Amino acid sequence: MSDQSGSGWSTDGLGYLQNKVERQRVLVIHPFEQDHSAASAAARSPSARLEEAVGLAEAINVEIVEASLAPLRRIKPATFIGPGRVDELRLQVEAEEIDLVIFDCELSPIQQRNLERGIKAKVIDRTALILEIFGDRANTKEGELQVELAHLVYQKSRLVRSWTHLERQRGGSGFMGGPGETQIESDRRIITDRITKIRRQLEQVTRTRTLHRARRQKAPYPVVALVGYTNAGKSTLFNRVTDAEVLAEDMLFATLDPTMRRIDLPSGRTIILSDTVGFISELPTTLVAAFRATLEEVLEADVIVHVRDASHEDTEIQKQDVEGVLRELGVEIGAEDSAPVLEAMNKADLLGAEEFEALTTYCERYQDKILLSGLTGEGCDDLIAELDRLLSEKNLIETVLVPYEDGATQAWIRANTKILDESASEDGMTFTISVDPIAWGRFRK
Ligand SMILES: Nc1nc2c(ncn2[C@@H]2O[C@H](COP(=O)(O)OP(=O)(O)OP(=O)(O)O)[C@@H](O)[C@H]2O)c(=O)[nH]1
Ligand SMILES: [Mg+2]
């Protein structure tokens, strides 16, 4: 995504990567406060975080020359990492012809600028990187607009922040070489105008999509949404159970636009299965908001399948992250009026024998947890069966009197409903049945 306003305000590295033909040579740094990570055992290990950052960087097709941890005693206000480390990085950048340094943390605009000056290379932070990936992936009009909106909101917030920061350091005006107040004011106005325009366009697109959705609701099939941490295996599972060919790759955020497919469950019940964008820890809130419209599909789902990478060392923390984002979207797990959530413990094939056994026992204890592998297919039938069972709970309970001579109705009831009670009287058979409301409606016609 490029600087589309043409106003010349700083683009924080965005759009920069796509313009170059050869692959960028990149360093990935994960800075972390040492005491912090030791203090909370629940936190991810820094090495796992670094690995995730590398995965993110790989998603924008750059050449990763080196990825390293930067343990800090304390975050430095000016440069985040210490001056010694900045010097080291500058030497490395020079020696290895590095184009870009990715900091897996949130940098203030000032920190970013100081780092760029100190290291003598382009610097971006985690949010900018995620925005970059999303900009790369978006391939519907709506996706593109959402990403641009997120991008603008991100920049606007940075302008404000950098401005207040400069205010506080008053005296040395232009101390950091940042734009003066008037420049910032006019930049803000340009961005605000652009945001208003995009919001309007988005509303238009969303309205069209809502119409589509309304049309879909006329074919009233329950919607089942696959959600989960990025790379958990949603698309692989989606493909497995729908025989579709959605891009499934060992790449973070392979899926951006939701994909829907109709499938028939063994009971004959038809559902719509929906594959969605993956979640990630510290997903910038501007992005959550931008993807709200897309994720609304999830909100309207009748059942949510939370796909988890059970083989991942951070699977528990990833689960918390996903549930956090769901909560932000208004899905309260376990709440009366929220859709039921099934947990698909995926990648069972990667588990060691002991782990596999333990997880099997664990999942057997809970009806809503299913151990499976989207890759090998093992356990997928169990998930489908559980979906079938859950949806049958939405069945109507009806009591009907069927005359003896109406053999056809009796036969249909025996074949298509669950008979809870039956009794014979003079007028015929009285059945109490649990029946799918759609099938029932159709049959009664
Ligand atoms: N071994 C193993 N690998 C799997 C399994 N399911 C998915 N994978 C692999 O995990 C990687 C990510 O799979 P995807 O299906 O693209 O994951 P996703 O959740 O759709 O990811 P995003 O769309 O990026 O959020 C791919 O390399 C898959 O081949 C599984 O059950 N076992
Ligand atoms: Mg996917």
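In case you wondered, yes, glycine gets a Cβ from its N, Cα and C as well.
Summarising the annotation, TrEMBL assigns domain 'Hflx-type G' to 222-395. Mean predicted confidence for the domain 'Hflx-type G' (222-395): the pLDDT average there is 84.
Positions annotated as GTP binding site by TrEMBL: 228-235, 253-257, 275-278, 346-349, 373-375. For Gly228 (GTP binding site), the count of additional Cβ atoms within 10 Å of its Cβ stands at 25 [all protein chains shown].
Within 10 Å of the C-beta of Ser235 (Mg(2+) binding site) we count 24 further C-beta atoms, all protein chains included. The annotation Mg(2+) binding site is assigned in TrEMBL to Ser235, Thr255.
When the binding-site residues Lys234, Lys347 are scored by other C-beta atoms within 10 Å, Lys234 scores highest.
Cα of Lys347 (GTP binding site) to Cα of Ser235 (Mg(2+) binding site): a distance of 13 Å.
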